[in-house]
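Taken from Swiss-Prot, the feature active site covers Asp7, Glu67, Asp140. Residues annotated as Mg(2+) 1 binding site in Swiss-Prot, with sequence analysis given as evidence: Asp7, Asp140. Under the heading Mg(2+) 2 binding site, Swiss-Prot lists Glu67.
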Amino acid sequence: MIILGIDPALGSLGWAVVAKETAQLKYLASGIIRTNSKDAMHHRLAFINSTLEKVILEYQPNMAAIEETFVNTNSVTSLKLGYARGAIMSLIGRYNLDMREFKPNTVKKTVTGYGHAEKDQMLHMIKLLLSGTALITNSDEADAVAIAYTCLVTKNY
């Protein structure tokens, strides 16, 4: 089972690919997709879509796991995040991948044992749980790894 974990965002989207081989979890790759806030929205969304598509084609995941979002007090921010999620979900659907969504607190509790863990705690635990993640320093990337990890360890596939 190969999971593509996604921490959705418009400016700095985290992605990660984690596999389960027999009882062993294996980190395969991760990264950040950054868009320029000065670019037109449709160009930013197209860039997210085309970059994630390359990841899907390279790693051939069986499923995508994405973090659920909550409505922010800033409606413009929530709307922009919704655009990014729509572009991501459209791509997931185009490749006929199953998809699971996880609440941020569920991911934090699965990885750290505490549903309100801070970013640095998440990063630390990801490095302990999955070999190959030692060079990850970006919290968006670490969150994507954590989302994929959560999908695999909760057997939510």
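Heads up, the Cβ atoms here are built off N, Cα and C, so glycines get one too.
In this structure, the CA atom of Asp7 (active site) is 6 Å away from the CA atom of Glu67 (active site).
Look at Asp140 (active site): DSSP puts it in a helix. According to its DSSP assignment, Glu67 (active site) is in a strand. Rounded to a whole number, the distance between the Cα atoms of Glu67 (active site) and Asp140 (active site) is 11 Å. Applying an 8 A CB threshold to same-chain residues 6+ apart, the list for Glu67 (active site) reads Ile6, Asp7, Pro8, Glu101, Phe102, Lys103, Pro104, Val107, Asp143, Ile147. Counting other Cβ atoms within 10 Å of each Cβ, the active-site residues Asp7, Asp140 show the lowest value at Asp140.
Annotation note: Asp7 (active site) sits in a strand segment as assigned by DSSP.
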